[in-house]
Amino acid sequence: MAEVVNVRFETVSSSARVAPIDEEIGNENINQQSLQNSEMPSIEGFESWLPITESRKGNAFTAAMHLLCSGIGVQVLILPMAFIALGWSWGIVLLCMAFSWQLYTTWLLVHLHESANGIRYSRFLHISMVAFGPKLGKLLAIFPTMYLSGGTCVLFIINGGWIMELFYKVICGDNLQCNDRTLTGAQWFLVFVCLSILLSQFFPNLYSLSRVSFIGSIMAVTYCSMIWILSVTKGPEKGISHDPSDASTSSMVRIRNALNSIGYIALVFRGHNVVLEIQGTIRSILKRPSRVPMWRGVIISYLLIAMCLFPIAIVGYWAYGNMIPFNGGILSALMTFHKNNTSKYVIGTICLTMLIHYMCAFQVYAMVVFDNLERLYVTKKNEPCPRWVRSAIRVFFGGLTYLISVAFPFLGSLGLLIGAIILPLTLSYPCFMWIAMKKPRAISPMWCLNIGLGSLGVLLSIVLVVSSLSTLIANGLDANFFKP
């Protein structure tokens, strides 16, 4: 939603009325006549009612924790698979390129969040509407942001339920009677959803989630470190191969596998739909605009993310080579090869830390959906959501995501296709937004860089969509509807 630090009128979308006032800006010449004549509430009040911008007490540390918690998702486990078809050299090069590319587009978003005339954009959808126009911007951004918010929560439910079941089996060990009493897949999903929605009831806005994100970040770094350290100590498995040619039977299959591997890498680097929202929790003043602490938080979080992703990818491929399974990735490989010679307390700790991280990251992505749903109530009633309405919205979202996860438990198998479709949101949109909003001189270095990266991102998305579709056609899809 568009917002302004000095009072101005914003006509980007129907939901943007009058800009909020940042009390620390020091602008005392406010047009009170405009505010009084407006029939709609000012964005100052409007924004203070919504979960994303309800509190502006954020800083570099809270931003770093939100970014770190949401930046390490379920896809990190399959990252070593990208090296199977790419090999060492291309795998490392492309991983570095994707990391640098995402860091650059994050820099663009951080600096686009607040324009020169004081307007702040705290939601990805609304900055897209500003950059590309109301209709085109909404058309381009609505599906990617919807999937990266609600769809990511569904994936957390599916994988969280699987981790819960795995944790239960690890605790039971060889006790057949204990294993026989395990829950069904749908029941594990329900347990995860209930715990996640119950947790969400205690945190009304995104800033209040900073403690949750802090815990989730610690858990993410912990289980990533444990997985790759354990893989190093156990050493590479016998009979594995690091030759990309061994993973394909023909040139066509090898090309398709290589493209899919690029897709796995690109799929890991997502989450741009929460960058602007996180920055929206930081107060902006003339002497210190929000981009200063936000960029500091980005640097901190990305250093920690790199410390997790790169060892997982490199060590995972070194230890398991072409034997890494698609379902579960490096964790499944670890369980397959080392379950019997590793303490169940170590495996249990890995599962427990993953579970806690998934629940914490669920909150960050769900908050974007809560904000959108509450906005519908606020714009209609012109008043903040009562506590019971806010609770009902979160229960409704939990029920909806649970239904989708049970109905489409194979959604993870479509991750490569859907990830390819939404890839421009991370790699292309920020580049084109910079050109549309900053209007750099044509053929200037910044113009050429953004045009080149933006166009390359769109082209890459199209190629990956075709590749993933051909893979689905060749291998088929186990569409186990309502059979998690």
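Cβ atoms here come from the backbone N, Cα and C positions, even for glycine.
The feature domain 'Amino acid transporter transmembrane' is assigned by TrEMBL to 57-466.
Annotation source TrEMBL lists transmembrane segment at 64-86 (among others).
Sequence-distant contacts of the transmembrane segment (149-171) (same chain, at least 6 residues past either end, Cβ-Cβ under 8 Å): 73-74, 178-179, 182-183, 185, 188-189, 191-193, 196, 273, 328, 335, 344, 347-348, 351-352, 354-355, 358-359, 361-362, 365-366, 368-369, 397, 400-402, 404-405, 408-409, 411-412, 415, 418, 484. Here TrEMBL flags 149-171 (among others) as transmembrane segment.
Residues annotated as transmembrane segment in TrEMBL: 183-203 (among others). Here the transmembrane segment (183-203) has Cβ contacts under 8 Å with residues 156-158, 160-162, 164-165, 168, 209, 212, 355, 358-359, 362-363, 366, 370, 391, 394-395, 397-399, 401-402, 405-406, 409, 483-484 of the same chain, all six or more residues outside its ends.
If you look up TrEMBL, you'll see 209-230 (among others) marked as transmembrane segment.
As annotated by TrEMBL, transmembrane segment applies to 297-320 (among others).
The transmembrane segment annotation in TrEMBL covers 345-370 (among others).
Sequence annotations record features per position, and here TrEMBL assigns transmembrane segment to 391-410 (among others).
Annotation source TrEMBL lists transmembrane segment at 416-435 (among others).
If you look up TrEMBL, you'll see 447-474 (among others) marked as transmembrane segment. Residues 101, 104-105, 108, 256, 259-260, 262-263, 266, 414, 416-417, 419-421, 423-424, 426-429, 431-432, 434-435, 440-441 of the same chain, all 6+ positions outside the transmembrane segment (447-474), place their C-beta atoms under 8 angstroms from a C-beta of that stretch.
Looking at 209-230, 297-320, 345-370, 391-410, 416-435, the range that has the most CB pairs within less than 8 A of the transmembrane segment (64-86) turns out to be 297-320.
Here the listed stretches are 297-320, 345-370, 391-410, and the one with the most C-beta pairs under 8 angstroms to the transmembrane segment (209-230) is 345-370.
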